[in-house]
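Here's what TrEMBL has on this protein:
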- GLY183, GLU184, SER185, GLY186, ALA187, GLY188, LYS189, THR190: ATP binding site (BINDING)
- 978-1033: coiled coil (COILED)
- 1183-1193: compositional bias 'Gly residues' (COMPBIAS)
- 77-759: domain 'Myosin motor' (DOMAIN)
- 647-669: region 'Actin-binding' (REGION)
- 911-935: region 'Disordered' (REGION)
- 1103-1123: region 'Disordered' (REGION)
- 1162-1205: region 'Disordered' (REGION)
Amino acid sequence: MSQQQAVFIQASPPLVWVPALVIGSVDTDMKVCRFCESNADADSPFAEGKEMTVSLKDYPNSTLPLQNIDPLTSKPLILTDLISLPYLNEPSILSNLSLRHKTSQPYTSCGDIILALNPYKRLPLYTPSIMSAINSKYIFNVKESLDPGCSKENETPHVYITSGKAYEELKRTGRNQSILVSGESGAGKTETVKILMSHLSSILPSPSTSLIVKRVLDSNPLLESFGNAKTMRNDNSSRFGKYTQLQFSSGVLVGSECGVYLLEKSRVCGVGGGERGYHVFYQVLDAGEEVKREIGLEGMGGGDFEYVGGEGVGDVIEGETDSEKWKRTYAALQTIGITGDLLISFLKTLSVVLYLGNIKFSSDSSGEGSKVSSDLNRLAGLMEVDVEQLREKVTFRTMTARNDTYKVLLNPQAAKEGVDAFAKELYAKQFLWLVSKINEATSATVSERCGVIGLLDIFGFESFKVNRFEQLCINWCNEKLQQKFTVDVFRSVVQEYESEGIPLATIQFEDNVDVINLIEGRMGAISILNEECVRPKGSDASFVSKLYAMNKNQESDKASAILVQNKRFHSLQFSIQHYAGAVVYDATDFVRKNADTIPVDLVELSRTSFPQIANAFPPAPAPTSTSSRRGSSLIAGTVWSKFRTQLSDLMSDLAKTNTRYIRCIKPNSQKLPHVVDNESTIEQLRCAGVVAAVTISRAAFPNRLLISEVEARFSCLGKVSAVSDLLVAVLGDAEGFEIGATRVYFRTGVLEKLEELRLNKMGEFATKITAVGRMHLARSNFQTMRTGAVLLQALIRCRALESKFASMKAASLLIQCAARSARSRKLLLFKKRAWAATKIRAQYLTSKDLRAFKVSRTAAVALQATMRRVVQQAKFKIALKESKEEKKLENQLIALQKKLAQEEEKRMLAEQRLQVQSASPRPPRPPRTSVDSDEVEQQFVDADGGSSSSGSQHALMHESGKMMEYLRKEVFKIRTQNTTLRTENERLKENNRRLMDANAAAGASFAALNQHSKQLSKNNGKYQQDLAAAKSREQARATQIVELKEELKMQKATYIAEVHSRLQYSKILSVIARTVEDRSDDAHLVDEVNAIVEDCENNYMSGPNGMTMDISKMKTPGRKKKRRSLGMTLGLVSPPPVGRDGESYEDETGVEAMFGNIGKGLRSIFGGGEEERENKNPQVRARGGGSGGGSGSGEDFTLHPFNEP
């Protein structure tokens, strides 16, 4: 390897640089190289061991970049400080960083600059012991660290060293310090700032400031919640710049003050795929229901809001869920004093921002304006404004022209953009309010401050496929910081040359003044864009064209190289050559984003909202002078103008401090430890200015080596002991190098020439060594050939003996095989016979067991069948008996119904016959005979006995029982309905109770809100009306139930009375028939009376009995008319009174009156003295029914005896 030179080859963009060895030359401009180490696949042309011919014309100065090789181990040299690398170039920087990162060493220094590669895992580098050791060396024992003889090569880089040096210099000199932490998203800037802040706060702890220190440390996660978001590159990406000034007094941290820059407001309402909005939105949506209820988010989730994209709630960010992070955020808010109503108001403002994103618009009927197609009640309630006013403010825009004010309709797109702009501005205002509250809680008084250490966590240089307005602002900020960085690096180089004692000559280096002038100069991008924002018809295309036109004829030769114009660009594209490379910008929406116009109508409406929102939009101050121009005020209000003011203040603050730099590098996008993506890493090194810093530090002397290394490496070129004499003897003069106190500095190309001379000298040494090696190789070959001949002879003799032994062995094996074959045949025959016998026996036993099984199975089946038959016979008999009884009952019911129908027909015929007879003249009556009262009484008793034994009366009683059973069923059914109604009533009461609870809760929550209270009052009135209607319906149902019960009770009593009346009627007819038969001598009259009695009895007994009659018709007077027909025919019953509806009805004493009329009729037929009979005959009492309106219980009634003729 001594003959081969270790270099780097530019392979391809994915690999960038590949280490290789120069193994030969085709000519002066062509080198043959072999790759010695590569991450490429085996099939790749850059795989290890493959060769390639490269042209030196493709490399700077026609020289291949050299590797840094350790002469002792012949392996790549790994140093802690890049400045100490012998060959300091881009690939060597990348190789050194990659090797350190793979060995879990994330920090590397480049002079005073710290390069931090994100390790993507926890490393034991931040323990108290390491912190104590660094504090002891760089803070409390500073003389050792300031010793000029202390070499930086032995110093292990760490961010604690940077913060420790800043703290020590602040304490020693009293000058304010600052540490600039930069890098792209995901490089670890935020974590690095946390580490620095934690170290600075713990150097000299004090019990009196422990609360302030806690607030300072807790402010970081609080700002992360409101200012960080998940992006495609980083799960916890800072979307704003932050400059935290830690305030110290006598070395003790007494407070802090934070300033923020350029919050990415567009992330409030615009979330790309795989990304999230600000963390606080998801934390609030994943908080407890109690918190969400207080801020108007009860029952809402991520899918209910457009601004959060419907995804991401509950994601795990840095090992914690949103719910766990919310607890930390809530505790941090409590720590800085945001509690109680102030906290609720602050969180309600976040809810308002979320609800603003849910407003949807559609075209109105005219097609020119828009209308809100979503519900605004909840948003208006949160903002405490009128919903109609809110609806008007989002769909109209108020325009003022001189003294006239008029409203303009907004189309759906313009209305949506206005709402989004208001939501973004509202969130930005709340973020600034939170920063001010943090500063109030953590800032120390002026009397306590004696020094400041500023920590700047700023966004790094950005270059995407599509670069917008935000990227131009960020890159402009990085250009300003790079300018300061370049000046600081140049100052450090001057200090190094002075310490080494090298004469300081003019060092030429490139700066970025032209780029900064292009952006912020008099005719720069800022001025042109602000002018377009003021101009009535300003546009993005006009901005781009003016930018090219204004800078085309600049005096600077670099103007055309800085503002790049390409024919392939469309009208809204332009390119700027930044210090890190050319970036193509798309000017779409530049004017709108820079103007940052907020709807005036919504701002005015917000001033009527609750104080947290109203205070965010204070009224604009009145102009102090009539000469102030509108254009100047508009330009001052643009985003770029505000940011320029902030950036100027920041650069002014940084200029007053001693600045140190930490550049954070993202080694790979997969977030894997020990993996370095060469392409992205070298791009970040360029963007971070590391390559520029190296270029400046090596502007005069790009290569340097320690004096001891020069003596050890190049002593082979001469026998001179002194390094200066050796170099002069080899190079011919002393113009190509300078020797300092510890190092030798080489100008461009000198070290490469020395390396080439050394390589040639090593080649001569290699030739001599090769000759001696060949001699030893030939001697070794001869000894090997002689030893081989002896071994070949021995092998031939061995093969002959082996052949003879093999033939004898084959013969013996043949004999043994024949013997074994005979013995095996005998054994096989024996086993076959044994197997056959076993098979026969098994077949026999199987047949025997099968027969026994079949017999047992047949017996079991028969036994089971017998048992099943016995069981089923018993069941069949029972079922048959029940079937017969049911059939018998059905037949009896049918027969009874037929009998009732026949009796009804007979009754109707009897009534018709009586009507005919009553119409014809009556024959003369026979003389009446007196009948003894005892005989009549005996006849009534006999009639009673006879009737009790008749089958018809039993049938009627049986029918009455069935009727009672039917009534019981109806009552049960009505009770079931009543239970259902009661259940419904309870459910309505429960609903009423819930409605009343909800109404009470709503009234208690919004008692102080007049407008919302009116709406709740209306809802409450509606609910009360519904409740009154429900109560009315329930009362109607209860009344209906009572009426049904009363009607059933009356029907039951009526039916019982009807039964008793029929029984008594039958008895009376029997007594009448017997009396007429005994008293009358006219046979014709007796026969006629008997026929009439029989017909009346049949007709009466076959009348409606409740089994064949509709219950609803039981109160009709039809049957009462039929009951009276016989009495009216005989003249025994007087006509019933007539009601208002033209139908007759009976009074309560209808039955007794009927019996009295019957007695009068008999007396009129037979004659006799009435008073005598009344005095002589006793009263005859019988059990009978009550009146038509009776209760249904049996009552006694009196039948007066007939008078004598």
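Including glycine, each Cβ sits where the backbone N, Cα and C put it.
Positions of the features from TrEMBL, shown on the structure.
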residue : record           : Cβ within 10 Å
GLY183  : ATP binding site : 26
GLU184  : ATP binding site : 22
SER185  : ATP binding site : 17
GLY186  : ATP binding site : 20
ALA187  : ATP binding site : 24
GLY188  : ATP binding site : 22
LYS189  : ATP binding site : 27
THR190  : ATP binding site : 22
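In terms of DSSP secondary structure, the region 'Actin-binding' (647-669) contains 9 helix, 8 strand, 6 coil.
Other residues of the same chain near the ATP site, with their Cβ within 8 Å of the Cβ centroid of GLY183, GLU184, SER185, GLY186, ALA187, GLY188, LYS189, THR190, are ASN118, ASN234, SER237, SER238, GLY460, CYS664, LYS666. Per-residue confidence over the coiled coil (978-1033) averages 80 (mean pLDDT, predicted model).
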